[in-house]
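Visitor: Please read through the structure below; I'll follow up with questions.
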Protein chains: 2
Amino acid sequence: MTTRYKMTLAYDGHLFHGFQSQPGQRTVQGTIEAALTKMTKGKVVLVEGSGRTDAGVHALGQVIHFDYPGAKIPPERMLFALNSIMPLDIAFRQSEIVDESFHVRYNAKGKWYRYRVSLDHFVDPFKRFYSGHYPYPVDLVKMQIAARDLVGTHDFTSFTASGGQIKNKVRTMYYVNVKKDDTANELIFDFICSGFLYNMVRILVAMLLEIGNGKRPRDDIPRVIAACDREQVRETAQASGLFLYHVFYGEIPQKYRQDLE
Amino acid sequence: MTTRYKMTLAYDGHLFHGFQSQPGQRTVQGTIEAALTKMTKGKVVLVEGSGRTDAGVHALGQVIHFDYPGAKIPPERMLFALNSIMPLDIAFRQSEIVDESFHVRYNAKGKWYRYRVSLDHFVDPFKRFYSGHYPYPVDLVKMQIAARDLVGTHDFTSFTASGGQIKNKVRTMYYVNVKKDDTANELIFDFICSGFLYNMVRILVAMLLEIGNGKRPRDDIPRVIAACDREQVRETAQASGLFLYHVFYGEIPQKYRQDLE
């Protein structure tokens, strides 16, 4: 008898070697699995994540599920129990018991990633682990106009690190937004997509910054998409600016469906 | 021939063993002195700070001065040169050349410290190095009323760790403010004083939290001040919530002179 828990969590990725368990490395998945194994006094509990995040990448709304053996624990007590034994760079936010047909990866309808870029010449010491860095002039409106060319259903082969095992690289981009936080002197990029390929957000941000800086024409995106060639965008923005912001399990809300506009 | 520079800087204190140079420890002063010695190709340059901050304590507006040997460098070039060789947890904000009669510690008219306290049961992973923690109920208005009893010229012996070398513990508290940041679920304490004793802000915050939580009567402060006895307040809030916010070299602005109201 096991009980399936779906839990939402935040983590500061800068001291983790990514989400996925790896022998000898401190990872988010490995840390949670070790905590659960402690709670069950040795029974191994496997954690499934909605997706992996790389070393240095953060989460505000990562989602996991796991099957807890033995007596059913109320979800709010599971939340409290796990938070009590987590290191301070992981915090669970929500907990619910779900049917065993629920799968955190297969049931996800889309994901929201946010990327923050500091435009300061020298990055604020308090942001060095929590932003990318682009100390060059950028034209916000140019990036905003160009970003709309990403919306829709496309083959995103040009925007993923080569060598991945996933063959089908067609995804639907529902929403892209670029804004400036003037107080922080940061750009904030938001992407909601049916699924993200390896390094996709970081490559997209690097390309949009090149457009903003005038190194690449404003109307270059349709050409790059059509090329299906990673060599078209050689840069990848730093891991430190990337946050897994939210995972959608219901339909994507209408206000984020730019592809239907 | 040397030139005296006055420079304002921010630092993230969580990976420093405090401000003051100590053999074998990573400190802010030691890091800056090592950088300046590199710039002068080996001539030792000593850095004076407006005051020390402890291990884990941060600064948004620490001020230092030093005498740079050799040719005069324009202040904005000094700023750029130092930032270029600083580790990412120190950032210089302002630079000016001052007369040799200026001394960063003796000329300071007052200092502003800010203390942030997370009220979350489990602290946000992104704030764990940048806030103290008090997961108990607090009455904000009680703390605000009590805090006013700190304003004025008092002997602050009850609010400093014993064993300090400074005999005269009379200081003038110009301004105390307690507010709540609802978005962050944090309390923010601001103190502007003619000078701070060792651990003074962290002890004051611990006492105000006890008043807010009802563990100590709201009108206890005059009694504690009069007692001149550190045993009256045994708690000290954590270093992580403390920020040296600003150092005043001109007169304290009228709007921060609650002692004159």
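Placed from the backbone N, Cα and C atoms, the Cβ positions cover glycine too.
Where the annotation comes from TrEMBL, it is an automatic prediction and has not been curated.
Okay, so TrEMBL annotates it like this:
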type: ACT_SITE; residues: B:ASP54; note: active site, nucleophile
type: BINDING; residues: B:TYR113; note: substrate binding site
type: DOMAIN; residues: B:10-107; note: domain 'Pseudouridine synthase I TruA alpha/beta'
type: DOMAIN; residues: B:146-249; note: domain 'Pseudouridine synthase I TruA alpha/beta'
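Can you walk me through where each of these features ends up in the structure?
Guide: Non-local contacts of B:ASP54 (active site, nucleophile) by the CB criterion (under 8 A, 6+ apart in sequence, same chain) comprise B:GLY18, B:PHE19, B:ASN199, B:ALA239, B:LEU242.
Taken residue by residue with DSSP, B:TYR113 (substrate binding site) is part of a strand. Residues near B:TYR113 (substrate binding site) in space but far in sequence (CB under 8 A, at least 6 apart, same chain), listed by position: B:ASP190, B:PHE191, B:CYS193, B:PHE196, B:VAL201, B:LEU242, B:PHE243, B:LEU244, B:TYR245.
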Visitor: Take the domain 'Pseudouridine synthase I TruA alpha/beta' (B:10-107) and count its residues per DSSP category (helix H/G/I, strand E/B, coil), listing them in that order.
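Guide: Helix, strand and coil residues of the domain 'Pseudouridine synthase I TruA alpha/beta' (B:10-107) number 26 helix, 26 strand, 46 coil.
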Visitor: Could you tell me the mean pLDDT over the domain 'Pseudouridine synthase I TruA alpha/beta' (B:146-249), as a whole number?
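Guide: So the average pLDDT across the domain 'Pseudouridine synthase I TruA alpha/beta' (B:146-249) works out to 95.
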